[in-house]
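The feature ATP binding site is assigned by Swiss-Prot to Thr29, His30, Gly31, Pro32, Lys50, Asp86, Gly87, Thr88, Thr89, Thr90, Gly414, Asp493.
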Amino acid sequence: MAKEIKYDMKARELMLAGVNALADAVAVTHGPKGRNVVIDKAWGAPTVTKDGVTVAKEIELENKFENMGAQMVKEVASKTSDTAGDGTTTATVLARAIYEEGMKLVVAGNNPMAIKRGIDKACEAAVKSLMNLSKPTKEQREIAQVGTISANTDETIGNIIAEAMNKVGKEGVITVEEAKSMDTTLDVVEGMQFDRGYISPYFVTDSEKMVCSLEDPYILIHEKKISNMKDLLPLLEQTAKMGKPLLIVAEDVEGEALATLVVNRLRGTLQIAAVKAPGFGDRRKAMLEDIAILTGGTVVSEDMGIKLENMSLADLGKCKRVSIDKDNTTIVDGAGARSALEGRVKQIRAQIDDTTSDYDREKLQERLAKLIGGVAVINVGAATEVEMKEKKARVEDALNATRAAVEEGIVPGGGVALVRAIDAVAKAKITGEQKIGARVVMRALEAPLRMIANNAGMEGSVVLDKVKNTEGSFGYNADTDTYEDLIEAGVIDPTKVVRLALQNACSIAGLMLTTEAMIADKPDENAGGMPAMPGGGMGGMGGMGGMM
């Protein structure tokens, strides 16, 4: 197919048009007074959201060159969402500001490569400033405040997340589910999560979320590969008779065995799923033993002389529910004996005390958290399904933000931390033409605060000027329309979220500024619609009246 090529100024202008189209749609959601965006769906009710990455992911532009610009900024939002779980709107606003400011300088004849290097150095200086401004989260109150801000100033969500973290520990597993009632509640269930997803996507029970859920399943725990169906068949027949689902945890399930399981799952003969065993080597054996003790099962192990063909239902583990996605498996409410579980916990604690290796200690603590930490389930309630989906997305964002805050600490919110980084960039040792790139970042660091103020109905430049003339965590609280100490007021952002938003924005904007040519498929001008059916289409169907 023929290609169309755009060069230099024309290419950058088209890219900027795409960047602006996406950033304008995302930026309206920024801050506590940000607006909602309604997204049409091919089926079902429209989605109402205030989440930047959800808006960004829906945007596809007709012009291929403009679309390239939009897709590159979409990458900023997606990457920030994947690594920090929040801050997608901030990242988008920053990326647009850096590209827009940089474009003016490139048009004026400055070297794009020098500008990019200046942007990279300024980004480093700004990140150092954020780290210096950062404070660790010490209290449950601070965790609740981070959750509240991320959930669009919803205190209920912030408090529930803080309570969940308090109950299962900061390293514990917290999941978000839809409630049957209008109330948002917290349940803490004993369980275990490990980082292995389903072996085949055909095991999925919810194709929209790509999740496999099994209720009251039997669990077969095998330390080797399963490739032969013959040994597995008696167990499958027994579980099918009982009408119960079966989860297989093994080193791998492949060949004939996997094909048979998938075919039976698709036909509806068996409710089944298979996941790879977590860990490697001796650690895998230990983790499989942990799962066996938690669920009251027996590990199929050659070392112990236990063979698959000799296994009966009594040797299988049991639990209340298993949830599997492409990356993780969560076993909830295992049926193992309490005394056996306590003995295992005691044993792992003794190993932690005895070990001299930091790596081994870390892995043992992970296992301990999985055995005793349990799983906290936040049940999100709302009056309608549309509100439920929107609220659930906010809870997930808030949960990611609080985890990030626990990891790297907190900085003042409301765009103030980025404004405070401007001085650090100005003082950084950046010379020559690269200084122009640093000025681009200094100007862009103002953009999130301007946007928050604009969305709150204030004049961004006036608010920015007032904040610049103060120090530390003093800034503008858009929710209450006051100037105050934002950390005291509970307007805080996780350092990790702000840092990654800035780093991702600088990375992609720098790439776009150094773009000199763009190539896309040429639109086919001869491609028309489908030809009309002869004889006026379906007029001949009138004869079907006689069939009534």
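Numbers here mean position along the shown chain, with the first residue as 1.
Keep in mind that glycine also has a Cβ here, set from the backbone N, Cα and C atoms.
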Greatest CA-CA distance (Å) over the residues Thr29, His30, Gly31, Pro32, Lys50, Asp86, Gly87, Thr88, Thr89, Thr90, Gly414, Asp493 that the record ties to ATP?
17
Tell me which of the binding-site residues Gly31, Gly87, Gly414 sits in the most Cβ-dense spot, judged by other Cβ atoms within 10 Å.
Gly87
So, three-state DSSP: helix, strand or coil for Gly414 (ATP binding site)?
coil
Given a 10 Å Cβ-Cβ cut-off, pick out the one of the binding-site residues Thr29, Thr89 that has the most other Cβ atoms nearby.
Thr89
